[in-house]
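Annotated Zn(2+) 1 binding site per TrEMBL: Cys146, Cys149, Cys199, Cys202, in sequence order. Under the heading Zn(2+) 2 binding site, TrEMBL lists Cys163, Cys166, Cys185, Cys188. Look at TrEMBL and you will find 5-70 tagged as domain 'J'. Among the features that TrEMBL reports, domain 'CR-type' is placed at 133-211. The repeat 'CXXCXGXG motif' annotation in TrEMBL covers 146-153, 163-170, 185-192, 199-206. Per TrEMBL, the feature zinc finger maps to 133-211.
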Amino acid sequence: MAKRDYYEVLGVSREAAQDEIKTAYRKQAFKFHPDRNQDDPDAESRFKEAAEAYEVLGNAEKRQTYDRFGHQGVNGNGFSGFSSSEDIFGAFSDIFGEVFGFSAAGRGGSNRPRPGSDLRYNLDVTFRQAAKGAEVDIRIPVEQTCDTCNGSGSTPGTRPQACSQCGGSGTMQQSQGFFRISVTCPQCRGAGSIITDPCGECMGRGTVIRDKDLKVRIPAGVDNNSRLRLRGEGEAGMFGGPPGDLYVVIRVEPDSVFERQGQNLIISREISFVEAALGHRLEVPTLDEPVNLDIPKGSQSGEVFRLRGLGLPHPGSSHQGDLLVEIRVKTPTHLNKRQEELLREFSEIEAKKLTTKAKDFFKKAKGKVMGE
Ligand SMILES: [Zn+2]
Ligand SMILES: [Zn+2]
């Protein structure tokens, strides 16, 4: 089947602004959400189609490529495709976070197995921890299956009663003009049954909030806003559903010494104009021991020296970034009399050098013209 145009999928014009695209995508996602369309087998593919379109159009760079080369341009070009709707929730959690709760879980429905919610945890790490890698202990509140009722929500020994309003199906039929649509039963909120004797431990929810201690391994070289996925460490599933995942979002504190640019580190150092003119050995801090950097004679302010391999490692590879040292030449301000004399003398010599040079130049030029 031919792929539909992404703009057509989202129902926006080719000139649409980024937030217009985002809004359009949210509308589509709502409309074709698998939970709202359990009887419509097409809905899931429409839902995925919209997510695919948004993955491309929602990203300025990919959108540009798509505009120029069409589907051909974005296929297999950093574009992964989604295998399930859970993937979609994972990829666009920032959008769904506002709408559905973070993940596929916690939605209405019958007592069929439901996966647990994914969780997001913001972890602040120091610049050094990010550079060198670290193991960090975190404590997160997690919704876990209630031990007392084993997740049923009813006091042990009692059973929920079938809902009288929907007859246990969890949904009700409603007529709207020509259409009959099915809506979630308001009495049991889609569960199909009503807990008449709620469990005292979890108040009928079937789950309780508990603190969970986890170790998070920060890979060396990790960048700000990197996301680590801890499979199965999210909230417990309901009615036998699998647990969600925990996404740890790394926030790296800035450093007082180094600035970061990708895997390169940048520092800036001042040297005097004499050091710049005569050459100078500069001690430079690195992530480990300081190293010596020889600034050659006649270096200019703003020149950048590259120390290979002294930057940050790429997580999961042996490649290492560089340390870039930018020098700034400082002009002296408080000169004593003797220094000033020397500089004037220096200036005179410099002026003489220039005149000699100019004379030489004219001599040569003249020579050429005269054919000497
Ligand atoms: Zn309970
Ligand atoms: Zn009901």
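Just so you know, glycine gets a Cβ as well, placed from its N, Cα and C.
Mapped onto this structure are the features recorded in TrEMBL.
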residue : record                : contacts (Cβ under 8 Å, 6+ apart)
Cys146  : Zn(2+) 1 binding site : Gly153, Cys199, Glu201, Cys202, Arg205, Gly206, Thr207, Val208
Cys149  : Zn(2+) 1 binding site : Thr155, Pro156, Cys199, Glu201, Cys202, Gly206
Cys163  : Zn(2+) 2 binding site : Gly170, Cys185, Gln187, Cys188, Ala191, Gly192, Ser193, Ile194
Cys166  : Zn(2+) 2 binding site : Met172, Cys185, Gln187, Cys188, Gly192
Remaining residues near the recorded Zn(2+) 1 site, that is with C-beta within 8 Å of the centroid of the site residues Cys146, Cys149, Cys199, Cys202: Asp147, Thr148, Asn150, Gly151, Ser152, Gly153, Ser154, Pro198, Gly200, Glu201, Met203, Gly204, Arg205, Gly206, Thr207, Val208
Cβ packing number for Cys185 (Zn(2+) 2 binding site), 10 Å threshold: 20
DSSP-assigned states of the repeat 'CXXCXGXG motif' (199-206) in counts, ordered helix, strand, coil: 0 helix, 0 strand, 8 coil
Three-state composition of the zinc finger (133-211), taking helix and strand from DSSP: 0 helix, 35 strand, 44 coil
Entries of Cys149, Cys166, Cys199, Cys202 (binding-site residues) sitting next to ligand 2, with Cβ under 6 Å as the cut-off: Cys166
Residues flanking the Zn(2+) 2 site, with Cβ no more than 8 Å from the Cβ centroid of Cys163, Cys166, Cys185, Cys188 and excluding those residues themselves: Ser164, Gln165, Gly167, Gly168, Ser169, Gly170, Thr171, Met172, Pro186, Gln187, Arg189, Gly190, Ala191, Gly192, Ser193, Ile194
Contacting binding-site residues for ligand 1, chosen from Cys146, Cys188, Cys199, Cys202 when the Cβ sits under 6 angstroms of any of its atoms: Cys146, Cys199, Cys202
